[in-house]
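Undergrad: As annotated by Swiss-Prot, region 'Disordered' applies to 1-29. Annotation comment: Swiss-Prot describes 80-103, 166-189, 205-229, 315-333, 375-398, 414-440, 462-484, 564-582, 622-643, 687-709, 747-767 as transmembrane segment. What Swiss-Prot lists as [4Fe-4S] cluster binding site is C606, C615. Annotated divinylchlorophyll a' binding site per Swiss-Prot: H698, in sequence order. The feature divinyl chlorophyll a binding site is assigned by Swiss-Prot to M706, Y714, with sequence analysis given as support. According to Swiss-Prot, the feature phylloquinone binding site maps to W715, an assignment based on sequence analysis.
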Amino acid sequence: MTISPPERGEKAKGGVPTPYDQPVDRGNAPVDFEKLNKPGFWSSKLSKGPKTTTWIWNLHADAHDFDTHLGDLEETSRKIFSAHFGHLAVVFIWMSAAFFHGARFSNYTGWLADPTNVKPGAQVVWPVVGQEILNADLGGNYHGLQITSGIFQMWRAWGITSEVQLMALAIGAVVMAALMLHGGIYHYHKAAPKLEWFQKIEPMIQHHQIALIGLGSIAWAGHLIHIGAPVSALLDAIDAGNPLVVDGVSIASASDVTNLAPKLCDPAIASQIFPSLAGRTVENFFTLNWWAFTDILTNKGGLNPVTGSLWMTDISHHHLAFGVFAIFGGHMWRNAVHGVGHSMKEIMDVHKGDPILFPAPKGHEGIFDFLSNSWHGQLSINLAMVGSASIVVAHHMYALPPYPYIAIDYPTVLGLFTHHMWIGGLFICGAAAHAGIAMIRDYDPAIHVDNVLDRMLKARDAIISHLNWVCMWLGFHSFGLYIHNDVMRALGRPQDMFSDTGIQLQPFLAQWVQNLQQSAVGTGQLVGAGNLPGNVLSEVFNGNVIEVGGKVAIGPIPLGTADLMIHHVHAFTIHVTLLILLKGVLYSRSSRLIPDKAQLGFRFPCDGPGRGGTCQVSSWDHVFLGLFWMYNSLSVVIFHFSWKMQSDVWGLTGGNFAQSSITINGWLRDFLWAQSSQVLTSYGQPISMYGLMFLGAHFVWAFSLMFLFSGRGYWQELFESIVWAHNKLKVAPTIQPRALSITQGRAVGVAHFLLGGIATTWAFFHARLIGLG
């Protein structure tokens with residue numbers, strides 16, 4: 001059955017376009033506060049007010065679904081564009097709050113003076129109801145809450161050395177928030193862009209790639225070169241016990257650096273720290289004498305032994321190079337100003353693909369038009385890419401720590417890894433959600449015939465059935481290895497276990513990659529002509545242990561049987577998540593069970609009475625189920641990371657990962673139970689808030705099960721009996737109580753499941769590492 005997408009307003013029907021002389025409409029929509037007094041003003045049904053309690057849930061569910069409010073792509077685009085400015089304003093206010101707390105309440109300068117012994121603290125808890133116990137002794141005569149965001153380490157890398165500078169940033173961020181709010185109002189109510197402006201893809205890419213990313217990265221490189229790196233060099237020298245002398249004055253403290261900071265843009269001063277800043281930088285640049293910059297734009301590699309972080313001059317070099325690449329890449333596209341360059345539509349239309357491996361005769365024809373008319377399609381791709389990038393960042397943050405002293409702040413390292421993993425997982429689930437919406441609302445089967453998208457849909461049974469086979473294979477085999485080990489250990493037969501001392505299952509490919517990286521040192525194998533210095537590679541590749549302040553910043557990460565086993569659990573959970581999410585997209589419009597699924601929309605509970613077994617098959621329900629498996633996947637990842645680092649790198653659990661993590665019982669006993677002692681015994685200590693959070697989050701998680709285990713009918717019957725009792729007492733409400741719909745109940749359930757699970761893990765991790773000191 002062919003089901004076309006709904007019409008989306010005059011601008012989306014593909015008729016004769018209006019002349020594109022001005023990119024905006026002036027005086028588009030005057031500000032109207034009256035309609036805001038009527039909740040649900042965008043819907044004729046909701047705007048009538050509540051008759052049942054379902055009204056408030058529909059209000060929440062549909063508030064941001066601009067597609068259904070308007071049915072017009074131009075107006076939807078304008079609202080989204082305006083909302084972006086509002087979002088940026090919120091981000092700037094949040095940043096301002098962080099800067100303000102740092103300036104007014106924190107121990108930033110105390111930490112800066114002794115970063116290996118003083119712990120970061122954001123604020124002091126006021127003893128309103130006697131909760132001053134939460135103020136821990138963080139060193140340097142400061143009692144307050146210990147923070148684990150890495151913000152102090154980041155500020156030091158920026159070159160911030162005083163509370164005055166933080167307060168200036170706080171004020172600046174508020175000003176930027178005001179500008180963003182004004183921008184949002186202006187670009188919707190005063191000068192609203194036309195649909196054609198939003199659909200000019202090449203200029204949009206150029207603006208983002210050249211102006212925002214390219215020039216932004218180079219501008220940041222400029223800050224690092226002139227402020228960040230010199231300040232870091234001065235502070236590093238102080239921490240190493242060999243303060244630098246600038247203009248005849250020994251720079252022996254952070255306050256000395258603060259006093260010197262305004263002079264760092266003076267070449268005579270800056271060149272005493274980095275000679276290449278001596279004032280002939282422009283001449284050297286334009287005469288191609290770039291070797292003059294090798295002290296400020298370096299390729300040292302490895303970590304700074306004083307701070308346990310990447311060299312600031314390496315980071316400056318990275319941002320400069322990245323910005324140049326982005327600018328070159330952005331100029332690849334053709335725009336209205338000059339007719340030179342590539343057209344993305346032309347590239348995609350002629351790109352056919354492999355006729356044997358992927359037989360789609362029309363290749364990518366129609367894909368450009370689909371994406372330039374489907375913001376859900378674009379958002380899906382962007383969410384998948386940014387989510388994947390967040391997961392990449394999570395793994396780089398500990399292997400190549402970018403900020404000074406962050407590597408020895410173990411709660412922060414674990415917190416940032418966990419944070420970036422959760423963000424990545426949620427974004428990837430969001431990618432599946434918006435891909436499903438795009439397929440239902442924006443996809444026209446009559447246009448997509450024999451192209452790659454059509455080919456994917458035709459091959460969906462093969463794709464999903466193969467994924468299903470892979471998931472079963474991985475699940476049975478990975479879990480089977482653990483069950484075998486539990487049985488053998490229970491029977492007292494360690495020699496028959498899969499382990500490094502029994503039946504070995506060594507990850508030889510991963511070990512080969514590690515050895516390849518390490519053996520490439522000095523051979524030029526990885527960098528072409530030049531030889532590779534010994535410290536270019538991360539220390540995790542069979543490198544050296546780097547200690548800072550008596551704590552391990554980074555060291556080699558050995559891999560063995562335990563890692564191979566948990567790796568296959570990772571593969572299993574990730575493939576199941578992919579199976580669920582991909583099935584939701586590929587079967588979003590139709591299936592053998594429900595051929596007319598596209599007409600039912602993105603979310604629907606069941607396909608009407610008399611058609612049994614058709615509940616929970618909507619694209620929305622696949623995202624719902626995918627979120628649980630995403631949670632499973634990432635729980636295994638962050639537990640693996642936490643235990644592995646404590647055992648094999650930080651030296652906190654005596655290297656017990658290799659022998660304990662190869663059984664289910666080992667995970668329960670030596671990880672969950674043994675490491676939860678800090679959170680369970682936290683009462684009466686500054687970490688007691690994590691004990692309360694641990695219990696409260698468990699309650700939130702358990703609360704979710706009430707929504708996930710019970711059916712709607714159960715609750716409706718219960719409500720009707722309660723309403724009957726109210727009627728008998730003549731106190732019946734005017735708004736009729738209704739049980740949540742199946743979809744609403746599942747949404748509340750998964751939200752509390754994830755919130756409870758994440759907050760429980762948060763309390764468990766932080767209490768563990770903060771409690772150990």
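Note: Cβ is positioned from N, Cα and C throughout, glycine not excepted.
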Undergrad: Output, ordered by sequence, the same-chain residues six or more apart from H698 (divinylchlorophyll a' binding site) with a CB under 8 Å from its CB, or 'none'.
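TA: The answer is G756, T760.
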Undergrad: Who sits close to C615 ([4Fe-4S] cluster binding site): which same-chain residues at least 6 apart have their Cβ under 8 Å from its Cβ?
TA: P605, C606, D607, I742
Undergrad: Taking each of the binding-site residues C606, M706 in turn and counting other Cβ atoms within 10 Å of its Cβ, which one has the fewest?
TA: M706
Undergrad: Cα-Cα, whole number of Å: W715 (phylloquinone binding site) versus M706 (divinyl chlorophyll a binding site)?
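TA: Taking the Cα atoms only, W715 (phylloquinone binding site) lies 10 Å from M706 (divinyl chlorophyll a binding site).
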Undergrad: Do we see three or more Cβ pairs under 8 Å linking the transmembrane segment (315-333) and the transmembrane segment (205-229), pairs being at least 6 apart in sequence?
TA: yes
Undergrad: Rank the binding-site residues Y714, W715 by the number of other Cβ atoms within 10 Å of each Cβ, and give the residue at the low end.
TA: Y714
Undergrad: Pairs 6 or more apart in sequence, C-beta under 8 angstroms, 3 or more of them: is that satisfied by the transmembrane segment (747-767) and the transmembrane segment (205-229)?
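TA: With fewer than 3 qualifying Cβ pairs, these stretches do not touch.
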Undergrad: Answer yes if the transmembrane segment (622-643) and the transmembrane segment (205-229) have at least three CB pairs under 8 Å among residue pairs 6 or more apart in sequence, and no otherwise.
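TA: No; fewer than 3 Cβ pairs under 8 Å.
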Undergrad: By the DSSP assignment reduced to helix, strand and coil, which category contains C606 ([4Fe-4S] cluster binding site)?
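TA: Coil, per DSSP.
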Undergrad: Taking the transmembrane segment (462-484) as the first stretch and the transmembrane segment (166-189) as the second, find out whether 3 or more Cβ pairs fall under 8 Å, excluding pairs closer than 6 in sequence.
TA: no
